[in-house]
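Enquirer: Pasting in a structure now, in structure tokens, and then I'll have a few things to ask.
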């Protein structure tokens, strides 16, 4: 009975088409831009557990209609459901819709609720204070290479959230101006906040024809220059940045789907801070320049006591490693930009620890706790 129900939903021909499409999407990942690879591998390395594209490809040929048919009842046998209904509906209508879904699952599929121990979310790796790691991957399609330099700053909470966002707001323009416009490291130069599994940090992503080692040195040189940049910033300039960030955070979504996405992200992260914009902006308005500078000196600056750094180097192999090194060797010793301006001095840093095995690296790392939810979940218990 279960088999016939599944076959009506997906024939063998349709299953084959889905399998081919999924396989193609996995294989096409190798042709994506190097900076996309850098972002992806950061997620792989920082997450407690994540299947890689290669691991999925190794199993995709084993997929069959019969195996899918047998898996669906297992999938529906035990569930934990959270839903969001947002728009022109009353609370009672929303509850009725959820009740209908639960009723169908329990009567038609005999679905039972998952145990609390089975609803744990994956956590983020916690890098040791003062640590620096690097992971190398090859890109066999594009001529350019890419890096993502990630400075892990800790758990998401109102205060560090706003200090990190304020720091990113301050450095965004000079980062692009120095690394993209003046030093011309690459067409893609981005600095921003990375958040995953309740943990956050500063990320700098650059796609360049230069070697990742050289580009990373320039990132460190730029961040080192932010020490004087922030210290010498006038109160007027700081307030301008503060007002810009407040305005950005308080901007209302232009579409209902935008607000829906905000609410849904709170559910996915299980933080449930549905009034986040108001709460965080209220704190943001109290932030002083000294607060941002202290945050920078504690967690991001060279020699910071709580600095945690991980770099992803995606290296192009199109022209061969030797040619890449030779092409950039002369540029790496140059002390001026192409327009004749002096380069920012690179700080002396100890060599990072090279990650050669993802599994061994994760085995040796601790994990961050998950952020506590902002609401009492006991009052929002569902049957499933």
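For all residues, glycine too, the Cβ spot is worked out from N, Cα and C.
Sharing the record's features from TrEMBL:
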DOMAIN    167-264  domain 'Coenzyme PQQ synthesis protein F-like C-terminal lobe'
COMPBIAS  322-333  compositional bias 'Basic and acidic residues'
REGION    322-351  region 'Disordered'
Enquirer: Note the mean pLDDT of the domain 'Coenzyme PQQ synthesis protein F-like C-terminal lobe' (167-264), expressed as a whole number.
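Expert: That stretch averages a pLDDT of 97.
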Enquirer: With DSSP as the yardstick, break the domain 'Coenzyme PQQ synthesis protein F-like C-terminal lobe' (167-264) down into helix, strand and coil residue counts.
Expert: 61 helix, 19 strand, 18 coil
